[in-house]
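Features of the protein shown, as given by TrEMBL:
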BINDING   SER12, GLN13, THR14, GLY15, THR16, ALA17, ALA59, THR60, THR61, GLY62  FMN binding site
BINDING   ARG316, ARG348, ALA349, PHE350, SER351, GLY382, LEU383, CYS384, SER385, TRP562  FAD binding site
BINDING   THR426, SER481, ARG482, LYS487, VAL488, TYR489, VAL490, GLN491  NADP(+) binding site
DOMAIN    6-148  domain 'Flavodoxin-like'
DOMAIN    172-412  domain 'FAD-binding FR-type'
Amino acid sequence: MAGRNLLVLFGSQTGTAQDTAERIGREAKRRHFQCRVEALDSYDVANLINELLVVFVCATTGQGDPPDNMKTFWRFLFRKNLPPGSLCQLDYAVLGLGDSSYPKPDAVVDPWLLTLWDKILALYPLPPSLEVISPDTRLPPKYTLHYITEDSPHPDVSLLQPAAPRAAPSELHPFSARMVSNQRVTAESHFQDVRLIEFDVTGSGMTFSAGDVVMIQPQNCPEDVQQFCQLLRLDPDRRFVLKPTEPGTSLPALLPQPCTIRHLVTHYLDISCVPRRSFFELLSYFSTNELEREKLQEFSSAQGQEELYSYCNRPRRTTLEALWDFPHTTCAIPPEYLLELIPRIRARAFSIASSMLAHPHRIQILMAVVRYRTRLSKPRRGLCSTWLASLNPEQGDVRVPLWVKKGGMKFPAAPDTPVIMIGPGTGVAPFRAAIQERVAQGRGGNHLFFGCRQKSKDFYCQAEWEELVTKGFLTLFTAFSRDQEDKVYVQHRIRENQRLVWELLSSRNAHIYLAGNAKQMPAAVTEALRSVLQLEGGLSPSEAEEHLTALEQSQRFQSETWS
């Protein structure tokens, strides 16, 4: 079996590319390959010159950007000093996926994988004594789970908490920050609950500037944890250790050893995420009920993807809810398969809404509590925002694991460069940080276009903006879409103030920033800016388009939008 080694490297933002990479790993095992599956940035790129066979699975994020867990690798590939022939021994394949807003990548992935295995098996044929392991056979789990008897010594409780970080806090070593305040900033009568939340990060060593983001590691609510344990007939207080099935497999980071079932389900397993095709495929192996098994097999087949999309993705059905629908199968799940069946809870990114210069040792975020309806009777709730909104720092010491990451937006270093910031809704968060920072440095030239529904209901930070306007530090344009008969949005205010916008851009080298919801707003704002360039700058439509592209390329027009 010497030489049958395959490395699968993925760049994934929301988990789609990781899920596909792990699927390739399972299919490789069926073809008797020793296979490792790793995120691009956790792989030591210096070893690439020794690899013979690599499959790269990469998604995009934002405006076609590389995902966070492959940025370092991507930069490395573009280094000028790499010897041209250093990877000449490497056979490789690349699978590119869109971001999670592309609903059905499987239509591309299935046929691509069939071709991939034909090519790989031509290069590395199976030895005569071996056959491909049938898809009807269940592969062994990645880890075995060993319960510990109650009389064995208890683990040090500090193991269950992230250790005090030695280096700067990161995903593997988050900082346990104290929540200082959790304040609703929309009127009680307003349909949306938006919070301004403050954390104390004294002693963390974290530094950040305007445009940076804070990553927050959420957890499942106790009711869901209890339901899950009941469904799977698990005792939440039982303790276990994990052992890798194959040598060389590392244990999951962030899981203490030993660990309780409650800790695993609360902090690690993402039971509120929408399950993927691979979930139903693995589940089908445990099914003792013929009806349930047939349905699970249909959901995991290429032909069943349309129906799976209607069952899961469209109504945003959670993993926990799906388990309810397959009760006979669910109570037969062997616990050691849980780590392969259910992905890890991902950290959520929030634009930092405060500056260290104005609020030393503090991080503030502006967060909309995600709640919406689909055809399912229970409203859908965002895991992280619902958890954070439920925490009350006035009732005791509330801790939240977090760390800081460089954001996509960079504000100008030159003190006299004006900025035009367009931030409707919670999109104003990074601009609050930028304005606080610039005001603390004594910089003027701050222009903010803010939009919301009603002045009396969701005008976030109103008093703060008005004070800065009075002091001459801020020029503010507001669009309250529902306060008059015709809806008024930020793009209308840009057109109304086209002369000022053109003057700032053409004579004063202003930078433009845009943040907020990625539905129609970015396109409408870009169209308004195009119209300013044509009407005030006298440019033709194609020249206006080129001018905007040039502004983007020179980082004078930056946007950060989210769906």
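Note that the numbers count up from 1, one per residue, in the order the chain is shown.
The backbone N, Cα and C atoms fix where each Cβ goes, and this holds for glycine too.
Structure with TrEMBL features highlighted.
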{"residue": "SER12", "record": "FMN binding site", "Cβ within 10 Å": "25"}
{"residue": "THR14", "record": "FMN binding site", "Cβ within 10 Å": "15"}
{"residue": "ALA59", "record": "FMN binding site", "Cβ within 10 Å": "25"}
{"residue": "ARG316", "record": "FAD binding site", "Cβ within 10 Å": "17"}
{"residue": "SER351", "record": "FAD binding site", "Cβ within 10 Å": "27"}
{"residue": "LEU383", "record": "FAD binding site", "Cβ within 10 Å": "21"}
{"residue": "SER481", "record": "NADP(+) binding site", "Cβ within 10 Å": "16"}
{"residue": "ARG482", "record": "NADP(+) binding site", "Cβ within 10 Å": "13"}
{"residue": "TYR489", "record": "NADP(+) binding site", "Cβ within 10 Å": "18"}
{"residue": "GLN491", "record": "NADP(+) binding site", "Cβ within 10 Å": "24"}
Secondary structure tally of the domain 'Flavodoxin-like' (6-148) (DSSP, helix then strand then coil):
52 helix, 31 strand, 60 coil
For the binding-site residues THR16, THR61, SER385, THR426, the one whose C-beta sees the most other C-beta atoms within 10 angstroms:
THR426
Would you mind ranking the binding-site residues ALA349, LYS487, VAL488, VAL490 by how many other Cβ atoms sit within 10 Å of each Cβ and giving me the lowest?
LYS487
What is the biggest Cα to Cα gap, in Å, among ARG316, ARG348, ALA349, PHE350, SER351, GLY382, LEU383, CYS384, SER385, TRP562, the residues listed as binding FAD?
25
Could you tell me the maximum Cα-Cα distance in Å between the residues recorded as binding NADP(+), namely THR426, SER481, ARG482, LYS487, VAL488, TYR489, VAL490, GLN491, rounded to a whole number?
19
Nearest recorded site to THR61 (FMN binding site) by CA-CA distance, among binding-site residues SER351, THR426, VAL488, GLN491:
SER351
